[in-house]
Each structure stands twice: as structure tokens, then as C-alpha cells.
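Q: My questions will all concern the structure given below.
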Amino acid sequence: MRFGVDEAGKGPVLGSMFAAAVRADPAALPGGVGDSKDIRPERRERLAKEIRESADAVGIAEISVERIDADETDMNTLTVEGQAEALSAVARDGLSGTVDAGDTDAARFGRRVADAVDTDVAVTAEHGADETDSLVGAASIIAKVARDTHVAELAAEYGDVGSGYPSDPTTRTFLADYVDRHGELPACARRSWSTCDDVLAAASQSTLSDF
């Protein structure tokens, strides 16, 4: 029995980031588990259901927009916290496993995650672990499905918000239109992102040009 941990939604300008941990016998996992970004959404959902059924335990942690925008933190620290919170939900003394490294220094990232978990676990951090470790790949799928569900909930509240990523024209249009109508950013926006600064600056310039 081992564990794998990964996160989804680190880079978007909209919504929460999610981390997931899966404790299981790798041999019990369904076939086709890998990096969630390479799997179509419908198949991700089916695999997530099968992973939950075959795993010994699954843990999920949500890192909210409010935590992301807090002055005293950064995304590396929040990724450590999210992975540690998800891992804490499935960890047992003496357990070992792999986490996807969210820092350029993989060893340092692994130490930080291990230090943030109360249970005595052995953590190995690797870059691209979601592509090489089936348990990390399984955690990647669970985290991505949680993030997809979250984005669908935002769309139900606000209308089409796109993927939530700064590079998505639909997301940028949503932000610009929302600010134009309401004079402020939506509550789901990560206000500390430069994308939000750009949208607010463009709205301010547009207002000035009206005079």
C-alpha cells in the first residue's frame, strides 16, 4: 500500500485549487490512469469513479481564492499546504509514496510536504510524477475532476467563464464584461493575479476615454 498526491488548478485566474491524495495498491487501480490533462473529461470522470471504488482511501483539499490572495503566502507554499492537507486525510504511520513536485527543487518540496503532515510518512517528490507514477496519476485525475466540478458550479452562477485560465479568451471576456457591468471583480477571481490587474486597468482606461 502506497500513496500518490497531486494538485489541479494552480494557474487559473478563477476559482480554487484542489489537491488530492490516493492510498491504494497500485495493482488495484483501473487501467489508463495517467496525467489528467491528457485524458478527455468524460473519461476522467469515469476513471475518478473507478479510482474511488478501488482505492483504500482518497483525500481532497480545496485551496480557496481567499487563501490564494492572502498577502502572507505564495503558490509554492499553498501547493505544499494543499498536498499536505489531502495527504493527511489518507496517511498512516509508516506509509510511503510520491507527490508531484510543485517546486523547482523536488527534494525540498517533498520535505516541506512531509513536515506539514502530522503522521510519520516517507515522501518522495518528483517532477512529472503524474506521468510516471500510477498513484500520482490517479490523484491527478481526482484533483482535476474536483476542479472541473468547481468550474461548472462557477458557470452555473456566473454564466460561461471558460476554463478559468488567463490564456482562455472566454475567461478574459467574462472578467472584462463582469467588471464593466459591476465595477468590480467577481468573488471567484484571484485578485492577486496580474490578469485581474490588466482587466481593471483596461476598464479604468475605458472609463476615462468616455469623458
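Backbone N, Cα and C define each Cβ position, glycine as well.
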Q: What does Swiss-Prot list, out of D74, D93, D100, D103, as binding the same divalent metal cation as D6, E7?
A: D100
Q: If you count other CB atoms within 10 A of each CB, which of D6, E7, D100 wins among these binding-site residues?
A: D6
Q: Over the domain 'RNase H type-2' (1-205), work out the mean pLDDT and round it to an integer.
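A: It averages 95.
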Q: Excluding D6, E7, D100, please set out which residues of the same chain place their CB within 8 Å of the center of the CB atoms of the divalent metal cation site, keeping sequence order.
A: V5, A8, A19, A20, T79, Q83, V99, G102, A129, D130, V136, A139, S140, A143
